[in-house]
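Peer 1: Sending over a structure as structure tokens; questions will come in a sec.
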Amino acid sequence: SSPPGAAGSCLEGGEFLAQENTRVGLLFASKALVQLLVNPWVGLLTNRIGYHIPMFLGFTIMFLSTIMFAFSGTYTLLFIARALQGIGSSFSSVAGLGLLASVYPDDAERGSAMGIALGGLALGVLIGAPFGSVMYEFVGKASPFLVLAFLALLDGALQLCILQPARISPESTKATPLSTLLRDPYILVAAGALCFSNMGVAMLEPTLPIWMLQTMCSPQWQLGMAFLPASISYLIGTNLFGILANRMGRWLCSMIGMAVVGISLLCVPLATNIYGLIGPNAGLGFAIGMVDSSMMPIMGYLVDLRHTSSYGTVYAIADVAFCVGFAVGPSTGGAIVRALGFPWLMVIVGALNVAYAPLCWLLRSPPAADESVAILSQECPMQPKSYTLKEAQQEFPLMEEAENME
């Protein structure tokens with residue numbers, strides 16, 4: 001599929017590649033944009049009908065989009081498939097994280113559970129790019145998607161057996177409205193950290209391969225491989241800091257993480273071949289792992305501490321932050337590369353991350369919303385994990401009264 005990489009033909013088609021930057025960027029961003037719009041609704045839906053059905057819905061939509069990818073011949077069809085994928089992701093990630101937060105009320109356990117879940121996410125990204133580029137080169141365009149569709153079917157079967165998504169189990173507590181959560185400065189700081197740290201990778205995904213083609217004459221299979229160190233170290237980072245972050249302070253963990261993200265991005269343009277990318281990309285993955293695995297549990301903790309323990313909405317916000325990074329990233333990344341060049345793009349995003357890092361200090365000890373809520377949130381982890389709805393309703397009028405008194 002690619003012309004033999006003779007040194008002379010390396011920079012041929014530079015203008016075509018620059019235009020491709022914008023089109024590829026838009027294609028990448030379309031998923032995140034759709035996900036952005038769908039997320040708040042999924043948050044509300046999980047509060048009404050529980051987490052199991054939305055998760056299963058998400059998988060079904062993902063399966064359809066994957067099949068579409070395999071057989072799409074035009075840019076428009078690819079665009080639609082990518083948008084569908086966004087809807088599916090929205091259902092899966094919001095419901096999945098909410099489910100974890102409600103199953104693990106204990107803060108430390110929740111941290112390590114989310115570390116493992118984010119590790120699963122990493123595994124997808126980890127295997128995705130290299131697996132895709134190798135399969136594409138040696139088997140054909142549709143092959144990676146068909147393998148994925150089969151895996152999706154397997155996942156659906158597992159969900160049907162284990163989670164039994166037919167049951168409707170609404171949240172026992174009245175959820176805090178989205179508008180209230182969005183006004184909470186601590187939740188916003190956490191969301192910002194998620195957004196900016198992930199924006200780095202989001203900008204790299206569409207622009208780095210094209211930059212490699214222009215400056216390193218890289219063969220096709222190397223384009224996906226460049227992301228391998230980032231994914232492996234993200235996998236290590238999320239699993240390690242899922243447990244460690246709680247001990248060293250999640251705020252500190254994410255502060256260091258954001259600073260390292262910035263420094264790693266500044267080092268990317270210094271690479272002259274694929275081996276030069278290993279260090280910066282590994283640093284980037286590891287650091288994003290630090291931020292993600294500290295911020296996801298903090299989101300759940302903030303809701304327990306300052307609002308009511310209903311997690312659909314807050315993880316919709318976390319996922320929106322993620323998506324803003326992945327929507328703004330590729331779409332503006334392509335444009336900045338055309339205007340200023342790839343190295344400047346890295347400098348801008350790197351500097352943004354370093355500048356934002358100190359804000360994580362605010363999450364050191366966020367205040368509880370009210371004394372009675374503080375007492376409740378201390379009692380919650382001590383209770384047996386499955387208490388009946390009736391107890392829950394007796395317990396939480398206190399909270400609503402406390403809110404009304406404010």
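From the backbone N, Cα and C atoms, a Cβ is placed for every residue, glycine too.
Owing to the predicted nature of the structure, the values given are computational and were not obtained by experimental measurement.
Below are the features I grabbed from TrEMBL:
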DOMAIN    1-368  domain 'Major facilitator superfamily (MFS) profile'
TRANSMEM  24-44  transmembrane segment
TRANSMEM  56-81  transmembrane segment
TRANSMEM  87-104  transmembrane segment
TRANSMEM  116-136  transmembrane segment
TRANSMEM  142-163  transmembrane segment
TRANSMEM  184-204  transmembrane segment
TRANSMEM  224-244  transmembrane segment
TRANSMEM  256-278  transmembrane segment
TRANSMEM  284-303  transmembrane segment
TRANSMEM  315-336  transmembrane segment
TRANSMEM  342-363  transmembrane segment
Peer 1: Does the chain bring the transmembrane segment (56-81) near the transmembrane segment (24-44), so that three or more CB pairs sit under 8 Å (pairs 6 or more apart in sequence)?
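Peer 2: Taking Cβ pairs at least 6 residues apart, the transmembrane segment (24-44) and the transmembrane segment (56-81) are in contact, with 3 or more under 8 Å.
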Peer 1: Which residues of the same chain, at least 6 past either end of the transmembrane segment (224-244), have a Cβ under 8 Å from a Cβ in it?
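Peer 2: Tertiary neighbours of the transmembrane segment (224-244) are 108, 111-116, 118-119, 121-123, 125-134, 201, 204-205, 208-209, 212, 218, 253, 274, 277-279, 281-290, 292-294.
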Peer 1: Across the domain 'Major facilitator superfamily (MFS) profile' (1-368), what is the average pLDDT of the model, as a whole number?
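Peer 2: A mean pLDDT of 84 is what the model gives the domain 'Major facilitator superfamily (MFS) profile' (1-368).
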